[in-house]
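TrEMBL annotations:
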type	residues	note
BINDING	75	pyridoxal 5'-phosphate binding site
BINDING	97, 98, 105, 313	substrate binding site
BINDING	271, 398, 463	tRNA binding site
MOD_RES	284	N6-(pyridoxal phosphate)lysine
């Protein structure tokens, strides 16, 4: 409320009350002013009333909310449902313009401010999380797979002769399809087994570069966050190799922002070699609805090229969701989530280890994977061929979500390429296993319930296996 209106208020109620209310409002405005000045995530989280005041201030700057606005174009921010309008805080125009997702919209100063501030706050969080030298980033309203495709399509203009993408194997369909969708031929490099861990076969990657010819390779497509027993790719060595052969390097950092280890690998890779862009999911790292990702890199000009490759305007929903979330958490709150995730990782590891031992199994030794864990299921496999997959079904019906049960020998064909041992990141991993992850937002109660239900499921399957063996006919002796 401006000064003139405050003076009018003083004629209606006591001036001292009005001044008190005005001072309270200035407290909210001071927080907003700091955000506009610094473009950083506030250290302390904002109250919902401050966030809503800020969003309402942005919304009234968009033309669809102007009093007396007369729209005669094809895109005037008209929304038929009041519920939909309120869901989006009346920020209807989206972000960007027809030729550039990062451009300012004349009709939507508020939405444009939202876009710029979100990218600035997210960049601050990436630095806080460990990639100190990141130069630029932007939020894109697509999940990780399509965001990777956008990076590959941008590289096409820089390397028009290149048709191959070298890809250390990671058994996640969207990673593979991101390359196919962009029109390139993935060159799958199998991982090497060291102890229980599946690691990058650096020699095989270099052989492929030399075999195909560096000029024919669009990029190396590496991965940080992954399911154990696979561990993050050797980013320092891959980055140095890419610099040596002058090949771009795109990193799939899907849920790696929450891991100081993954972020350190990206920082080190950029320091010793070449990383052109790294992509991370909004939902997995910031606990917002699925539908957005962050594309970031160390060369602001290249990140701008990627943003200009996006055709048309874009939904502002992912930007709005992550900005609201980060303003509410504050940097302090986000760091607390990261710290709690690490603590619960240790608890989950210890609980799984104890449970595995009680059932004659073992926790696989994967110290280089900072988020995911794996427990062997050899004994379960010995009971019956179906017991391993049955365990996955039992856990799902018992409302344990996210646990992955990996049997031996599964095959999967994706776009003509057959993966043997699919889901295990290897053609012949030595044992079946179960995955569980300590991701951001997990609680001790989640771990307790998971272990309890997993224990019951394993006992039930063991009992079924014993019963089946006891009722099977005894073999007849040869006379």
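Glycine residues also receive a Cβ, built from the backbone N, Cα and C atoms like all the rest.
Just so you know, TrEMBL annotations are computer predictions that nobody has curated.
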(message) Using other CB atoms within 10 angstroms as the count, which residue among the binding-site residues 98, 105 scores least?
(response) 98
(request) May I ask for the distance between residue 463 (tRNA binding site) and residue 105 (substrate binding site), taken between their Cα atoms and rounded to an integer number of Å? (result) 65
(request) Among the binding-site residues 75, 313, 398, 463, point out the residue whose Cβ has the most other Cβ atoms within 10 Å, with all shown protein chains included in the count. (result) 313
(message) The record lists 271, 398, 463 as binding tRNA. What's the largest Cα to Cα distance among them, in Å, rounded to a whole number?
(response) 55
(request) Find, for the listed recorded positions 97, 271, 284, the residue with the lowest Cβ contact count at a 10 Å cut-off, counting only other Cβ atoms. (result) 271
(request) Calculate the distance in Å between the alpha carbons (Cα) of residue 398 (tRNA binding site) and residue 98 (substrate binding site), and round it to a whole number. (result) 47
(message) Other than 97, 98, 105, 313 themselves, what residues in this chain have Cβ atoms within 8 Å of the centroid of the substrate site's Cβ atoms?
(response) 94, 95, 96, 99, 100, 103, 312
(request) Looking at substrate and its recorded binding residues 97, 98, 105, 313, figure out the farthest C-alpha pair and report it in angstrom, whole number. (result) 10
(message) Using the alpha carbons only, what distance in Å do you get between residue 97 (substrate binding site) and residue 75 (pyridoxal 5'-phosphate binding site) once rounded?
(response) 12
(message) Just to verify a number: CA distance, residue 75 (pyridoxal 5'-phosphate binding site) to residue 313 (substrate binding site), in angstrom, no decimals.
(response) 11
(message) Give me the CA-CA distance between residue 98 (substrate binding site) and residue 284 (N6-(pyridoxal phosphate)lysine), in Å, as a whole number.
(response) 29
(message) Using the alpha carbons only, what distance in Å do you get between residue 284 (N6-(pyridoxal phosphate)lysine) and residue 271 (tRNA binding site) once rounded?
(response) 26
